[in-house]
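Undergrad: Once you've had a glance at the structure underneath, I'll fire off some questions.
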Amino acid sequence: MFDLNQSLFLRALRRQPVERTPIWIMRQAGRYLPEYRKVREHAGDFLNLCKNPELACEVTLQPLRRYALDAAILFSDILTIPDAMGLGLYFAEGEGPRFTNPLQDTKAIHTLKIPSIPESLSYVFDAARLIRQEMPKELPLIGFSGSPWTLACYMVEGGSSRDFKRILNLIYTEKEAAHLLLNKLAVSVTAYLIEQIKAGVNAVMIFDTWGGVLTPQNYKDFSLAYMHQIVQQLKKEYPDIPVILFTKNGGQWLEWMAETGCDALGVDWTCDLASARKRVGGKVALQGNLDPAVLLTTKNCIRSEVGSVLASYGYGTGHIFNLGHGITPDVPPENVAIMIEAVHEISPQYHL
C-alpha cells in the first residue's frame with residue numbers, strides 16, 4: 001500500500017528530499033473550470049454546493065482529473081464557522097459573502113456561543129471522508145480554515161470590506177471584547193481543524209487573508225497570537241500533521257510566523273522568495289508564489305515566470321509551488337496546464 005508520507009507534497013512540507021517541486025493551486029476547484037460551473041449551477045448556489053458532501057466531493061476531484069496536481073484541497077468556505085455561530089451566511093450576487101446577523105456591538109460578542117463543531121459542521125467532515133475515500137490514494141488531502149482575525153473581520157464588518165473601519169475601531173477602543181471574540185474563534189478553529197484531521201485530511205492550512213491590514217504590533221497581538229495558539233494545540237494532538245500558515249501581504253512578518261511551530265508558510269507574490277528562504281528557510285518550508293495574473297498571459301510568459309519562481313527559491317527541497325493567492329475565475333484552463341507542465345519540466349534540475 002502506498003505510504004502517503006512518501007508523497008512529494010508531504011515530503012517537501014517536511015523539507016525532505018524530493019525529485020521535483022510539488023504543485024497545487026489555491027482555489028484549484030473553482031469557477032475557471034467549466035465542469036465546476038456546471039455542478040455549481042446544479043447546486044443552485046455556492047452555499048448549497050459547500051453543504052452537499054457529494055457535490056463538494058465532486059468539485060474537489062475535478063482538478064485532479066484534469067491536471068497532474070500533487071494534492072487536493074477540501075472544497076469548502078472559510079466562513080462556515082461564523083455561519084455555525086448563527087450569523088446567517090449568504091452570498092449576494094456580485095458582492096461576495098454577507099451576514100444577516102453581523103456582530104454589531106460588544107454585547108453580541110459576549111453572547112456569541114462557541115458551536116458544537118462536530119454536529120454543526122458535520123457536512124464538512126462528511127465531505128472530507130468521502131473525498132479521502134474517492135480520491136487517488138497516493139495524493140494528500142489538505143484541510144483548511146480562516147484565521148481567527150480574518151473570520152472576525154467578516155463577522156464585525158458584516159461581509160467584505162474596503163477599509164475594515166469597524167473591526168479596527170474595535171481593536172483600538174474595545175480591546176477586551178476583541179480578544180474575547182478572537183479567543184472564541186481560536187477555540188472553534190482548533191476544534192474544526194481537529195475534526196477535519198479525524199475525517200482524513202493529511203495537512204491543514206490557515207488562511208489569514210486580512211492579517212496584512214494590521215500594524216506590526218496589532219498583527220502580533222490580534223492575528224499571530226491566535227494562530228500560534230491553534231498551531232500549538234494541533235501539534236500537541238497531531239504532531240505529524242503539517243500545518244501551513246498564510247498571511248496575505250504578510251511578507252514582512254515571516255520570522256514571527258516561523259516561530260509558531262508551523263511547518264510551512266505561504267507567501268504571496270509581493271514577497272521575494274529567495275530572501276524569504278534566507279530569512280526562514282532553515283525553520284519552515286515555503287509555498288508560493290506566482291502572481292495569479294501571470295495565468296492570464298501567454299505560454300511563453302507563463303513558462304518564463306514559473307522558471308523565475310523556481311530559480312528564486314533555488315536548489316533543494318522545502319518549496320511547494322503555488323500561486324501567491326487564489327486562482328481567478330477568468331483564467332483559461334489550458335494556461336493552468338502550461339504552468340503545471342512547466343513546474344514538472346523545469347523543477348527537477350533543482351533537486352539533483
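Quick reminder: no glycine exception, Cβ is built from N, Cα and C everywhere.
From Swiss-Prot, here are the annotated features:
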- Arg27, Gln28, Ala29, Gly30, Arg31, Asp77, Tyr154, Thr209, His325: substrate binding site (BINDING)
- Asp77: site 'Transition state stabilizer' (SITE)
Undergrad: Report, in whole Å, the straight Cα-to-Cα distance of Asp77 (site 'Transition state stabilizer') from Tyr154 (substrate binding site).
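TA: That separation, Cα to Cα, works out to 13 Å.
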Undergrad: Among Arg31, His325, the binding-site residues in question, whose Cβ has the most other Cβ atoms within 10 Å in this structure?
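TA: When each Cβ's neighbours within 10 Å are tallied, His325 leads.
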Undergrad: Have a look at the recorded positions (Ala29, Asp77) and report the one with the fewest Cβ neighbours inside 10 Å.
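TA: Least crowded of the recorded positions Ala29, Asp77, by Cβ count within 10 Å, is Asp77.
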Undergrad: If you measure Asp77 (site 'Transition state stabilizer') to Arg27 (substrate binding site) at Cα, how many Å is it?
TA: 10
Undergrad: Max Cα distance spanning Arg27, Gln28, Ala29, Gly30, Arg31, Asp77, Tyr154, Thr209, His325 (substrate binders), Å?
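TA: This binding site's residues have a maximal Cα-Cα distance of 23 Å.
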